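The structure appears right after this line, and notes come after that.
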Amino acid sequence: MADRYQNHIHQQGGGDSYATYGEGGGPDGYGYQADYPSQEEDAASDATEGHDEEDQMYEGEYQGIPHPDEVKAAQRAARAKARPAGSTISDLEELSEQYEDIMEDCGHGKFQWTLFVVLGLALMADGVECFVVAFALPSAEKDLCLSNAEKGMLGLVVFLSMMVGAFLWGGLADKLGRRRCLMVALAINCVFAFLSSFAQGYGFFLFFRLLSGIGIGGTVPIVYTYFSEFLQMEKRGEHLSWLCMFWMMGGIYASFTAWGVIPRYGWGFSMGSEFQFHSWRVFVLVAALPAIMSLVGLTFMPESPRFLLENAKHDEAWMILKQVHDTNWRAKGQPEKVFTVTHIKAPKTAEDEFIEIQTATGTPVQRWAVRSLRICKLVLRNVASLLSAELRFATLFMALIWFCMAFSYYGLSVWFPDMIKHLQHEEYESRLKTFHGERVENFQFNFSLENQIHREGEYIRDKFVGIEMKSVKFEDSLFEDCLFEDIRSTDTMFENCTIRSTIFYNTDLWKEKFIDCRMENNTFEHNKHGCHLDTTDENDVLVYLVSFLGSLAVLPGNIISALFVEKIGRVRIIGGSMLISAGCSFFLLLSFSQSAIIALQCLFCGVSAAAWNGIEVVTVELYPASKRATAFGVLNALCKLAAVLGSSIFASFVGITKAIPILLSFTALVCGGLVALRLPDTRQKILQ
């Protein structure tokens, strides 16, 4: 029968060692006491009354199955025995082992699953953010009258702002707290995402999306750091991998809501001509729901006790650990389990104490300025410490792996839909109709014109009424005494034409549509100002379908990596997945159809998901608690920089050549995969 243990209590200010579980009073063992300490008796549940523990028999004892508590004790003894004889253990190493023992006793249950959902929604919000602008842009470019340069800037600002946010919030989370920083980051995202949906001008929309991205950029480094500190070693890799599924769910959610909302043009309202709220703005609002739900959930979650211990707040950490323990064991139907840890001695952190101006000698602004400056210095010092002797190689290796993976993944993620659009455009142009030298008099065009070129035509006293012109070009043609009324045009222009005595009434045909044309005695009345939404071309269902399939294809990779991350190991999953992804990208050279590209995209995304899961788990495990969020933030910021470079480079070759983007992706993935195989195996590593 398993015994119960109690930490030996060390008075604060007495020696420098931590409370230990000492076997036979030895410093390196794990001892158990026969009785709970008297001060804990009141904490016992009423459910224990009337129970004689000596009479209780573990049901697996007759079958020779060891009691779970005996297994835990054996694991602890093995860890103690694995230390070299005579070696001294540092304070932080002792805290790490003690914390791991406590988390094992707390178990994995209701508390972790609740936190899993809350943090998963935050990760889902990050996935949604990557798609919001891309899905809204085809409609927003018409609503906001965006040029190609402005569209490119909107796409760029998403990743740049998330890069800044990852660096900023990752560093602050190690100094101010995981939960606190995550709540502030999500609140910033929610507020400015809401404001961006109402922004009527490009400048305000860009500014609000920039601030929204800075907020959401902090979710990935904080979420993984925060969740890992509530997991015991044997559960860590698997459950961090399951958490990655929420990012995939973010892509699916964004695809479904965009497809269901944006084409519904009646889902909006207007207040005169100055304020328009079209359906794409509704989509921007709906896309913020995961962040809002996560923010609400976080109000009921505690701070990471490991962070509190690192900052000498052992009383608060003890209360939270007790909450985790009691929540899990009550949910498992064992409320008689009592949290027996009575004291956890926190490490000294004198060098990290914040300097404050005394209330009597400084103003609130001065105190805030000094505190902010001190925090900035501590964050930058933490960033610099990532290149210290003990962390230098780990940081450089992980930076190379993150960069190579992000460069290829995000570059191809942009290249896939752009390449499909290019193939569609080529197919569309192959159906181009050309009319040469036609002469039309006294005719009313009451049907739409699409994908046509009219050269050297003559149009005399003709009427173009209530029609749409899409991809129509008139070259060297004559229009005389004609009427254009209620016209909507897309990619339509008049080049080197002569237009005489013609009336343009309620059309969107403006000067930029007439290139090198001779205009004589023409009238423009009630022309449409600004831009307008088109209801067909911009919202091709294939755009949403491709993104949906790419996100859904991540599911098999997530499941496989979660099931085998502890059996195969993080290093093999990362290296193997990156090398297989390189092979998938190479086969793109042989694909010439839309269906083949979509199939290879799904395969690439599925295999890449396993690599991403392994990368994120190893990043958490390689760094100590005081630098974990900072390191994750720096590496995630590098990831976003690689995403900007990859998407820009790959997109520039669409329609020119496939070979260069594919070879770049192949080379980056092979290099990253080979480097990953040199990483240490962290499966049995206690979080430092």
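Each Cβ is built from the backbone N, Cα and C atoms, and glycine gets one as well.
Taken from TrEMBL as is:
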type	residues	note
REGION	1-64	region 'Disordered'
COMPBIAS	12-29	compositional bias 'Gly residues'
TRANSMEM	113-137	transmembrane segment
DOMAIN	115-683	domain 'Major facilitator superfamily (MFS) profile'
TRANSMEM	152-169	transmembrane segment
TRANSMEM	181-199	transmembrane segment
TRANSMEM	205-227	transmembrane segment
TRANSMEM	239-262	transmembrane segment
TRANSMEM	282-301	transmembrane segment
TRANSMEM	391-412	transmembrane segment
TRANSMEM	542-564	transmembrane segment
TRANSMEM	571-590	transmembrane segment
TRANSMEM	596-618	transmembrane segment
TRANSMEM	630-653	transmembrane segment
TRANSMEM	659-679	transmembrane segment
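Proximity of distant same-chain residues to the transmembrane segment (630-653), defined by a Cβ-Cβ separation under 8 Å and at least 6 residues beyond the stretch ends, is recorded for 155-156, 159-160, 162-164, 166-171, 173-174, 217-218, 220-221, 224-225, 379, 382-383, 386, 391, 395, 398-399, 402-415, 418, 619-620, 622-623, 660-661, 664-665.
In this chain, the transmembrane segment (542-564) lies close to the transmembrane segment (596-618): three or more C-beta pairs between them fall below 8 angstroms, excluding pairs fewer than 6 positions apart. Within its own chain, the transmembrane segment (571-590) has Cβ neighbours under 8 Å at 401, 404-405, 408, 412, 557, 561, 564-565, 596-597, 600, 603-604, 607-608, 610-611, 613-615, 618, 658-659, 662, 665-666, 669-670, 672-674, 676-677, 679-681, counting only residues six or more beyond its boundaries. In terms of C-beta pairs under 8 Å, the stretch of 239-262, 282-301, 596-618 lying closest in packing to the transmembrane segment (391-412) is 596-618. With a threshold of 8 Å between CB atoms, the same-chain residues lying at least 6 positions outside the transmembrane segment (152-169) that come near it are 126, 129-130, 132-134, 137, 140, 146, 181-182, 185, 205-206, 209-218, 220-222, 410, 629, 633-634, 636-637, 639-641, 643-644, 647-648. Between the transmembrane segment (282-301) and the transmembrane segment (239-262) there are at least 3 Cβ pairs closer than 8 Å, counting only pairs 6 or more residues apart in sequence, which means the two stretches are in contact. Ranked by Cβ pairs under 8 Å to the transmembrane segment (596-618), the stretches 113-137, 181-199, 205-227, 239-262, 659-679 are led by 239-262. Mean pLDDT across the domain 'Major facilitator superfamily (MFS) profile' (115-683) comes to 84 in this model. Ranked by number of Cβ pairs under 8 Å to the transmembrane segment (113-137), the listed stretches 181-199, 239-262, 659-679 are led by 239-262. Residues 122, 125, 129, 132, 165, 169, 172-173, 205, 207-209, 211-219, 222-223, 226, 277, 281-282, 284-285, 287-288, 291-292, 294-295, 298-299 of the same chain lie 6+ residues outside the transmembrane segment (181-199) yet bring a C-beta within less than 8 angstroms of a C-beta in it.
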